[in-house]
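The structure under discussion appears below in the form of structure tokens.
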RNA sequence: GGCCCCGUAGCCAAGUGGUAAGGCAGCGGUUUGCAAAACCGUUAUCCCCCGGUUCGAAUCCGGGCGGGGCCUCCA
């Protein structure tokens, strides 16, 4: 099956309209930079980064733009609370956002246009809309006239007439209740740095116009893919679409993709949103501090289909540092981490640095099945959940290969012929990881605290001592010998006491390793 | 009230007409001095309920019940 993508506009999966090798443009609505990013803010970037990675893998030339909204009511309010300026707050929070993206391997965004750097373009588009009769100035503001847009509401299936019934009123300045602001006239007392001159008087842009202007300037009148969170469908995307198509008379976006939102419940089972007042906001930085790696978070977010809500379950931040759903994801993701460690023990190469994947290589029959099934899932509207399942199956197969052929044993016992198969499968796993944005950064081992060199030295000392005892004990042939038992009791005591300190010892053919956790 | 989505094992989660992927947890086994890790086996006669279409439905249609999103600035 060729690539199919679900479009919110038509509410069905459609064959992707481009041929491999073609250029593809993608625009995704980005953050309003007024607060540090919480994990919910990462859903969209991770999903669409994965979309770009897969399209790139298929041979498309993707250009991806994400806007930064750096002027807005929330920024003005927040800057006031913090006794800082809007530009300073925006810069700080933009840096926080970039830092989060980097840790989550979101590397595919080509440009981050800022709203404040495109005011001229917005003024030009508003002038055009007014000239075409689609918008009107009103006492310092400029509004879009939804009654002039024949198909307003088509993205969400809303009837403009019905919008009137839902508690919306025609304010003094608006002609229709559904009209929305393109330009907001400056109010007395608003800071200078959020005020720009315009033909309709000083003011600042409305929310939606920036995306219409910046996407058109950087990617043209018609986007191949427009993306964002499901919550942005209305009003933001509906309004963007209305403005852009009214201005250009062309299709604004061929495909609209909307990702599901993060869901969570507080212990009373009633609230289902992260909110500052409930204290259940999990900032990305907090998650990192609590031992969640960027790749683990990414793995968690792509373990389910992007259009489904991501369920964090019930979380009581007072008693649990992390939602249990993330702890469960950690256990699952550890399977891959352990495999990468095993790969290094067997081949002496780092899974993260040394493996260079050549996508043109040929695969043996038994390995090509995994890749084709992985591709079938990804072709089906980027079904990352199914694709991850294939990766688990591949790891199991590789571990079985390593077990059966004793690849961790020393040379005489090892069946070297199977090493090639093992290496081929590992390369395939690496390639799948690259497509999903995983295995790009070597995970930092959990630490015990204190001086790292000292800890490593002491652990080495303990392991050597313990292995001396084990060697001596194993050398005693008589199974009933009390000395043999006494020696093993000592080695088990060492392991037990270390376990109490959250250190796990693992005895392997090639030696003993230790890890935290 | 309007528009839309979802309901698969203890939990998470693929599967949209051909007889239920995968993960976590559990149980049994192999391996190991014993563990850990890994591997093998096992865990849903059935996919919220009722009716219908069909040779055949978790998948399509109708009706319930339950959960969720959006309806002017929340990613």
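Every residue gets a Cβ built from N, Cα and C, even glycine.
Annotated range for region 'Disordered' in TrEMBL, selecting from A:97-131, A:132-166, A:167-201, A:202-236: A:167-201. Looking at A:31-41, A:42-52, A:53-63, the stretch flagged in TrEMBL as motif ''HIGH' region' turns out to be A:31-41. Take the mean position of the Cβ atoms of A:29, A:211, A:236, A:240, the recorded Zn(2+) site; other residues of that chain with a Cβ within 8 Å of it are A:67, A:207, A:208, A:210, A:212, A:228, A:232, A:237, A:239. Counting only same-chain residues 6+ beyond the ends of the motif ''HIGH' region' (A:31-41), those with a CB under 8 A from a CB of the stretch are 68-70, 72, 74-75, 78-79, 89-90, 93-94, 96-97, 100, 261-262, 274, 281-285, 287, 297.
Within the region 'Disordered' (A:167-201), the DSSP-based counts of helix, strand and coil residues read 3 helix, 7 strand, 25 coil. Here the binding-site residues are A:29, A:211; the one with the fewest Cβ atoms within 10 Å of its Cβ is A:29.
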